[in-house]
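A short worksheet on the structure shown next.
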Amino acid sequence: MASQPPQPLSGQPVTQYEEYQSEVITETTNRPTPAADIYEITPTNDVMDDRYEHEHDDYESGAMYETVRTWSPQSRPELVRIASVFSRVDSHPNVTPTTEDGGQLNRRDTLAGVKIGDPVLDPTKPEFDFYKWARMFTHVMENEGIKRNRTGVMFRNLTVLGSGSAVQYQDTFLSPFAAPFRPGELCGKGRNPEKVILHDFNGAIREGELLMVLGRPGSGCSTFLKAICGELHGLQKKKESIIHYNGVSQHTFKKELRGEAVYSAEDEHHFPHLTVGQTLEFAAAARTPSKRVLGVSRKDFSTHLARVMMSVFGLSHTYNTKVGDDYVRGVSGGERKRVSIAEIALSGAPICCWDNSTRGLDSATALEFTKALKIGSQVGGITQCLAIYQASQAIYDIFDKVIVLYEGRQIFFGPTRIAKQYFEEMGWYCPPRQTTADFLTSVTNPKERIAKEGYENRVPRTAVDFERYWKQSQNNKLLLANMDRFEAEYPPEEGHLQKLRETHGQAQAKHTTSKSPYRISVPMQVKLCTVRAYQRLWGDKSSTIATNISQIMMALIIGSLFFDTPQTTDGFFAKGSVIFFAILLNGLMSITEINGLYAQRPIVVKHVNFAFYHAYSEALAGIVADIPIKFLLALVFNIIIYFLGGLERSAAKFFIFFLFTFITILTMSAIFRTLAAATKTIPQALALAGVMILALVIYTGFALQPSYMHPWFKWILYINPIAYAYEALLVNEVHGNRYRCATPVPPYGGGKNFACAVAGAVPGEMSVSGDAWVESSYDYSYAHIWRNLGILLGFLAFFYFVYLMVSELNLSSASSAEFLVFRRGHLPKSFQGSKDEEAAAGGVMHPNDPARLPPTNTNGAAGETAPGGSTVAVIPPQKDIFTWRNVTYDITIKGEPRRLLDNISGWVRPGTLTALMGVSGAGKTTLLDALAQRTTMGVITGDMLVNGRPLDSSFQRKTGYVQQQDLHLETTTVREALRFSADLRQPKSVSRKEKYEYVEDVIKMLSMEDFSEAVVGNPGEGLNVEQRKLLTIGVELAAKPQLLLFLDEPTSGLDSQSSWSIVTFLRKLADNGQAVLSTIHQPSGILFEQFDRLLFLAKGGRTVYFGDIGKNSETLLNYFETHGAEPCGPSENPAEYMLNIVGAGPSGKSKIDWPVVWKESEESRHVQQELDQIQSETSKKNEGHGQSAEKEPGEFAMPFTSQLYCVTTRVFQQYWRTPSYIWGKFLLGLASALFIGFSFFLQNSSMAGLQNSLFSIFMLTTIFSSLVQQIMPRFVTQRDLFEVRERPSRAYSWKVFLLANIIVEIPYQILLGIIAWASLFYPTFGAHLSSERQGILLLYCVQFFIFASTFAQMIIAGLPDAETAGGIATTMFGLMVTFNGVLQKPNALPGFWRFMWRVSPITYTVGGLAATSLHNREVKCAQNELAIFDPPTGATCAQYLQKLVEAGAPGKLYNPTSTTQCQYCPLSSGDQFLGGSEIHWSDRWRNFGIGWAYIVFNIFATVALYYLIRVRKSSGRPNRIISVIMYHLSRAGTYCRAFITGRKEKCPRKREQIVQTYKEFNMLLN
């Protein structure tokens, strides 16, 4: 039915403004004087008499703050001193004058209600009272003439636009090929259409008011808050949109006073290794004003304020605890949220916008947080907006105003006390016990709202209808009139701007420009950030130490590799290699800074928005803090590599060497920092860094000499800072030195009749000048050394300047609207055209519809509000009863035992819905994990039975577990995820057709038809929070759990309506025979009544109550009231009532020990009796039915082959639908191979040309590290899903998981090998090679890339994350390429390292490729490579060299008949050249076989490491196994080294002892 335009209901008053006006004037005279913020406060005598803008406050001054008490921190002397100074204000000259009314001090004491020396002013004392402290602080500031900014905000015609449509299509590997057939998308049209996020908003918020922002997820709440603060970042306001702060335009306000309006994002971003105290003291120091009360120092002032905020938000006990994050252990999630809150409070901003800041807090903590905000508004005059999804009535009543959003449209703005009446007068029904906030949000949900009788066809239905109704209402007219008065009171850009400037200027430090939004000067910012940088380093000192140790170890390895290099011409190549290594390792050690800068970018952006500091101040501080550390590391690193690597031991040359290497470190650090600052994402930065490193390495001058560079790429040499450093170091090393000729030609010549076969040699001289050698070989000159230093310093200054500039300019990231992603050709009809959302929801609900109202008894039907409008009768009824008795869970933390669960008993019957609740830290999730058999550590005792029998291996497969984290594979669709679960978790006896039909039933049950073909995606680009939660539930239902369904916080992060939908759906499942046990977070009263039974836990995992809830919670409430609790009010939420009486919240306490009461109660004894009865009844049934038909229940539902097929198909699918990964892989191989190929394009047959050809092969292997870094994150994504959800559910085996990931990588690696082969070898070697040799090269290329993938999986298999594995893989790769025989010939390796050349897999890859490419290639020496000399008088060149030729010399004489200027080339074929590196054509197939042996080893090692480290981790034996393996491998290594090197050393272990090793290993495995 078509929607009718809404009309105001005739005959009914819309507002109560007449009586409201009389209330507000009385109320404002009694309200506490507002001030600027919670710690620096200026009073005002203004009386706000606007009848619309101020509602009556039901709280007496200070009465509502009784619960805002704090946890006492340990006293610190300086804080005690500050508190004592504050308590002795009478000694301060500015506050001691005596007046007729008793003096200012007496006024302050009377107003604050404290006496001198009162401990309520000391945040280190338990008696500290924040409200009294704030009142005292206000008047001290007034007495000293300290002003603080305060302002309201008005917005008119606010319209915000974003890019993106409601629907996007999923890209696949072939999408780029199909793009030409979609020219509209190719040109960008239709790809990112403009979307209106906020439509024409109007409103005004006076200073000191609290605004509640209500709306369902996706309605625009976050965008609205960002718009108020001016932090749209990629979104756009329409030109007509007006936002001003008491007359100051948003543009001017954000430019000059940015930190005065701040936005608190829903996510927390902090430096994880800083402590809570360091984090908050930094925030306080960054906003410390220049003029401070009582003249205290900056440090004392900021420390005191940080302590105050920690005390207010219950963080005092965490002062020395790291903040932490998902990977670093620190404070809890709730405490981290409070750190974010305290940080904003310390910013002192007069306008604060909080985006769902109560998420993750229990109801008691959320209420205390809201009351603290009220203190800031009433006492400090702070204007605050809070978006909240689940708000209790107590929280709602604290707010002054509320705005309701519906699909980006404003449908109400006004005082909180009239909002409910407005919608009721519109025609909507509010059920009893539903909170006002829930009611206001519910009217925006077609499936939840209820129309009053007689108004079904008169109420608005769509968002546009609601907006139209609002704009026609009297409330909106009064709002617009009030906005006109607001604008008249604060004319644009007039007096208020000047006041703000004056107040801001008073707070600014010296040397800060008047229009700067910052309070402290740039030098102060840099100093503050530098101190913080060192605090971060100290907090993460283990990582810093590990990094430095790895660098030092690399220096030791490289130095020892070139140890004892001969000081002859044979050492020229080694000197070039060691200097190349030194400059390269010094220069590239800073590449890890890219990840570090991206990790801190969200924090820097946040702090810049808070006006803590300039982004370039943090960047400059990072540089300053790094220089001493880099200096020390460079000093140790270069001392080792210089003296161990055989370089000249001259003080002057060493210090020049160190100078250039250190400047190179700084220059490359500046380049990598600039790269990170100039890009938007880590993949962008790393991709550019990879290409840049390849270019820097090739065009350093070592791998490819300048004279052999082609013009199309030679320009890279001139912009390569490493090239200038390499030239300087090489000429510095050889300058002024002469090197004995190692290979004179002929060796028996005398006088002028011989020459050294080295570039730069002079005929007849037995030594070669180092200067002549570098000039002839590289065209280098010692005269360039200081020129190069100047060029390096120029690079350094340039990139530092660019880095600081882009750091300041490139902070924001583009924002776009949320959208669903579908596969092409699978767009639902509902998205192909418009639809009536009300009709889609089943029409308008009626208040007396029994399907809509909450059930009136525990067995009543919960109907249409559940996600599914269809029946759930397809759920098979269950008969099994799950019981647990005296369950105890103990773990050991830091050597101390700790009990998490303490003798908990209970049961879950089929057809019942049981709630698991408790205070924060009570162990709700821990109990759920223990019952579901998902714990991996500790000791669990007690009885857990199904029908009186112990749990078998199939228990986890037969239960469903809906985890709190909605973890899904982002590339799969909803239907595919459900089918995957059904395929693997339903028994093999069920046909695939039946499984898929059941999946369709699940989709209908959960009302997922509209997005069943949608791709899961990532937040913002895929399913929203509610849809993800439904999918999580659907995945478990698709498995058809035969026993029961566990759910952990299924409503977490959802709005109240979505929570209601989820719980009522669970109600329907229970009514149809499903057994359900669910933890629930902060349920509303009507939601709580959906449950049949409650298990309530106190801290320490102790039981407070287990039993029936009863109708209207009577059974539950009677228990608490009969045992001494205060009666529950008729309108009070029973769930919140329970939390309050047991002392939940940071400051909550209870006089009654409820776990002890429960233990001694009759109800507890009844539970034990009931458990006995259940066990007795089920035992009799078991005896009557005999043994179970399933004698040996299997761990998995499907056989191994079926598992492997399903999982491999899904992994293939994931790869195919991740084109960025596949194309990134292919483009890396293609671009790198083409770049290398055309850099070494068609090298000639000179000795240098052969060396360059060998280096081209070597350079191909260097992309190994980038390939490995690409593969590992993809593996981790699959592994996280498997280990967190699918392995505990026994969906498939860990062996299947590993094999599927190995198998899927291989085809892509084969294709990548073909691409690299064609792109590299044809440009480098041409097409003249035989087809056989081209085929061998192709086989080696394919093998190399398959080896890379299996190596990556071997490394990541047992390690926790890709970052850790990446570091290890890079180190191992460095060793492999170092010892492959290219950079140091095998015969020149020290004996200790020769075995490394043999065990390096790259040795055999390079050997096979080089032998195949250069076999039988004729050598034609370049002019500077020839040994040119005159033969004795009367002899020809052939006659003179006949003796040398007869001795089997490998060279070739070019002019045998000449009698002068004999030209002798030391080599005649490529095989001779390769022989020096022990590379032989005859070994090509042996090397190929060894390569496959390494691949097989990688696969077996992958399986073994994963099993030992991750599968058996719960047994506690992996560490013992690894220890045994490592110990005996070291012994075996000694034996193998002795065998390979041919030395007569024996393995220290006898053969019998090695046999014993295998026995020990087998015992551990068994």
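Each residue, glycine too, has its Cβ placed from N, Cα and C.
Among the features that Swiss-Prot reports, ATP binding site is placed at GLY918, VAL919, SER920, GLY921, ALA922, GLY923, LYS924, THR925. According to DSSP, THR925 (ATP binding site) sits within a helical segment.
Per Swiss-Prot, the feature compositional bias 'Basic and acidic residues' maps to 1178-1193.
For the domain 'ABC transporter 1' (167-432), the model gives a mean pLDDT of 86. Per Swiss-Prot, the feature domain 'ABC transporter 1' maps to 167-432.
If you look up Swiss-Prot, you'll see 882-1125 marked as domain 'ABC transporter 2'.
Sequence annotations record features per position, and here Swiss-Prot assigns N-linked glycosylation site to ASN149 (among others). If you draw a 10 Å sphere around the CB of ASN149 (N-linked glycosylation site), it holds 28 other CB atoms from the protein chains shown.
Under the heading N-linked glycosylation site, Swiss-Prot lists ASN157 (among others). Within 10 Å of the C-beta of ASN157 (N-linked glycosylation site) there are 15 other C-beta atoms, taking all protein chains into account.
Same-chain residues at least 6 positions away in sequence with a Cβ under 8 Å from that of ASN356 (N-linked glycosylation site) are, in sequence order, CYS221, GLU266, ALA387, ILE388, TYR389. As annotated by Swiss-Prot, N-linked glycosylation site applies to ASN356 (among others).
What Swiss-Prot lists as N-linked glycosylation site is ASN810 (among others), and the listing cites sequence analysis. Secondary structure at ASN810 (N-linked glycosylation site), taken from DSSP and collapsed to helix, strand or coil, is coil.
The secondary structure of ASN886 (N-linked glycosylation site), as reduced to three states from DSSP, is extended strand. Neighbours of ASN886 (N-linked glycosylation site), defined as other CB atoms within 10 A of its CB across all chains, total 14. Marked as N-linked glycosylation site by Swiss-Prot: ASN886 (among others).
The Cβ of ASN903 (N-linked glycosylation site) has 16 neighbouring Cβ atoms from other residues within 10 Å, across all protein chains displayed. Secondary structure at ASN903 (N-linked glycosylation site), taken from DSSP and collapsed to helix, strand or coil, is strand. Marked as N-linked glycosylation site by Swiss-Prot: ASN903 (among others).
Here Swiss-Prot flags ASN1244 (among others) as N-linked glycosylation site. Cβ-based neighbour count (10 Å, all protein chains) for ASN1244 (N-linked glycosylation site) stands at 14.
According to Swiss-Prot, the feature region 'Disordered' maps to 1168-1193.
Listed by sequence, the residues of this chain that lie at least six past the ends of the transmembrane segment (571-591) yet keep a Cβ under 8 A from its Cβ atoms are 551, 554-555, 558-559, 561-562, 565, 633-634, 637-638, 641-642, 645-647, 657, 660-662, 664-665, 667-669, 672-673, 689, 693, 696-697, 700, 702-703, 721-722, 725-726, 729-730, 733-734, 739, 758, 773, 777, 1378, 1383-1385, 1388. Summarising the annotation, Swiss-Prot assigns transmembrane segment to 571-591 (among others) and lists sequence analysis as the type of evidence.
Look at Swiss-Prot and you will find 603-623 (among others) tagged as transmembrane segment, backed by sequence analysis.
The feature transmembrane segment is assigned by Swiss-Prot to 627-647 (among others). The list of residues near the transmembrane segment (627-647) in space but at least 6 beyond its ends in sequence, with Cβ under 8 angstroms from a Cβ of it, reads 537, 544, 548, 551-552, 555-556, 558-565, 571, 574-575, 578-579, 581-582, 585-586, 589, 653-654, 657-658, 661-662, 665-666, 669, 733.
Within the chain, the transmembrane segment (652-672) has long-range Cβ neighbours (under 8 A, six or more residues past its boundaries) at 582-583, 586-591, 593-594, 623, 626-627, 630-631, 634-635, 638, 642, 689, 692, 721-722, 725, 728-729, 732-733, 785, 788-789, 792-793, 795-796, 799-800, 803. The transmembrane segment annotation in Swiss-Prot covers 652-672 (among others).
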Counting only residues 6+ away from its ends, which parts of the chain sit with a Cβ under 8 Å from the transmembrane segment (1489-1509)?
1294-1295, 1298, 1302, 1340, 1343-1344, 1346-1347, 1350-1351, 1353-1354, 1357-1359, 1401, 1404-1405, 1408, 1518, 1521-1522
Check: same-chain CB within 8 A of ATP site center, minus GLY918, VAL919, SER920, GLY921, ALA922, GLY923, LYS924, THR925:
THR926, LEU1097, LYS1099, GLY1101
Most Cβ neighbours inside 10 Å, all chains, among the recorded positions ASN810, SER920, THR925:
SER920
DSSP three-state call for ASN1244 (N-linked glycosylation site): helix, strand or coil?
coil
Sequence gap of 6 or more, Cβ distance under 8 Å: name the residues on the same chain that satisfy this around GLY921 (ATP binding site), in order along the sequence.
SER332, LYS1099
Report, as numbers and ranges, which residues of the same chain sit near the transmembrane segment (1248-1268): CB under 8 Å and 6 or more residues beyond its ends.
690, 694, 697-698, 703-705, 708, 777, 1225, 1228-1229, 1232-1233, 1236-1237, 1239-1240, 1316, 1320, 1324-1325, 1344-1345, 1348-1349, 1351-1352, 1355, 1366, 1369-1370, 1373, 1376-1377, 1380, 1382-1383, 1402, 1405-1406, 1409-1410, 1413-1414, 1417, 1419, 1422, 1425, 1467, 1470, 1473-1474, 1477
Quick one: do the transmembrane segment (603-623) and the transmembrane segment (1363-1383) reach 3+ CB pairs under 8 Å, ignoring pairs fewer than 6 apart in sequence?
no
Quickly jot the same-chain residues contacting the transmembrane segment (789-809) by Cβ under 8 Å, restricted to those at least six beyond its ends, or write none.
614-616, 618-620, 623, 659-660, 663-664, 666-667, 670-671, 673-674, 677-678, 721, 724-725, 728
Chain-internal residues near GLY918 (ATP binding site), provided their CB is under 8 angstroms and they sit 6+ positions away:
LYS924, PHE1096, LEU1097, ALA1098, VAL1104
When you scan the chain for residues with a C-beta under 8 Å from the transmembrane segment (1222-1242), skipping those not six or more beyond its ends, what do you find?
173, 176, 683, 687, 690-691, 694-695, 698-699, 704, 709-710, 712-713, 1215-1216, 1252-1253, 1255-1256, 1259-1260, 1263, 1266-1267, 1270, 1308, 1311-1312, 1315-1317, 1319-1326, 1345
Determine which residues of the chain contact the transmembrane segment (684-704) at the Cβ level, with the cut-off under 8 Å and only residues 6 or more beyond its ends counted.
576-577, 579-580, 583-584, 587-588, 591, 594, 598, 671-672, 675-676, 713-714, 716-717, 720, 722-723, 726-727, 778, 780, 1224, 1228, 1231-1232, 1235-1236, 1239-1240, 1252, 1255, 1258-1259, 1262-1263, 1266, 1269
Other than its own, how many Cβ atoms are within 10 Å of the Cβ belonging to ALA922 (ATP binding site)?
25
My understanding is the cutoff is Cβ-Cβ under 8 Å with a sequence separation of 6 or more in the same chain; which residues meet that for GLY923 (ATP binding site)?
TYR889, LEU900, LEU901, LEU1097, GLY1100, GLY1101
